[in-house]
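Colleague: Sharing the feature lines straight out of Swiss-Prot:
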type	residues	note
DISULFID	CYS34-CYS60	disulfide bond
DISULFID	CYS43-CYS64	disulfide bond
DISULFID	CYS47-CYS59	disulfide bond
DISULFID	CYS53-CYS68	disulfide bond
DOMAIN	27-72	domain 'WAP'
SIGNAL	1-24	signal peptide
Amino acid sequence: MSSGGLLLLLGLLTLWAELTPVSGQDRPVKPGLCPPRPQKPPCVKECKNDWSCRGEQKCCRYGCIYECRDPIFVK
């Protein structure tokens, strides 16, 4: 294989490796439940899914509000 073809293959593999985790659709949701709705202006969108939040936080939906919140756990 020529060096140009090898570089192209390496570039495509790198791009594929970078784009694969972005989907996040196959990942299970994080444990815990979202706490009660906060008092905030309507339609604030801080996150898209649990994996766009830091650490153990979950992406919680309250109507059109999406925000990262610490989970609560119910026994």
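Numbering starts at 1 and runs along the chain as it is shown here.
Each residue, glycine too, has its Cβ placed from N, Cα and C.
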Colleague: At a 10 A cut-off on CB-CB distances, which of the disulfide-bonded residues CYS34, CYS60 has the highest count?
Modeller: CYS60
Colleague: Between the Cα atoms of CYS59 (disulfide bond) and CYS68 (disulfide bond), find the distance and write it as a whole number of Å.
Modeller: 5
Colleague: Count up the helix, strand and coil residues in the domain 'WAP' (27-72) according to DSSP, in that order.
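Modeller: Breakdown, helix to coil: 3 helix, 13 strand, 30 coil.
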Colleague: Return only the integer: C-alpha distance in Å from CYS34 (disulfide bond) to CYS68 (disulfide bond).
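Modeller: Distance (Cα to Cα, whole Å): 9 Å.
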Colleague: Within 10 Å of CYS68 (disulfide bond) (Cα-Cα), which of the disulfide-bonded residues CYS43, CYS47, CYS60?
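Modeller: Checking each Cα against CYS68 (disulfide bond), the hits are CYS47, CYS60.
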Colleague: Could you tally the C-beta atoms, other than its own, that fall within 10 angstroms of the C-beta of CYS64 (disulfide bond)?
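Modeller: That number is 9.
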Colleague: Between CYS60 (disulfide bond) and CYS47 (disulfide bond), how far is it from one CA atom to the other, in Å?
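Modeller: Approximately 8 Å lies between the Cα of CYS60 (disulfide bond) and that of CYS47 (disulfide bond).
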Colleague: In whole Å, note down how far the CA of CYS53 (disulfide bond) lies from the CA of CYS43 (disulfide bond).
Modeller: 18
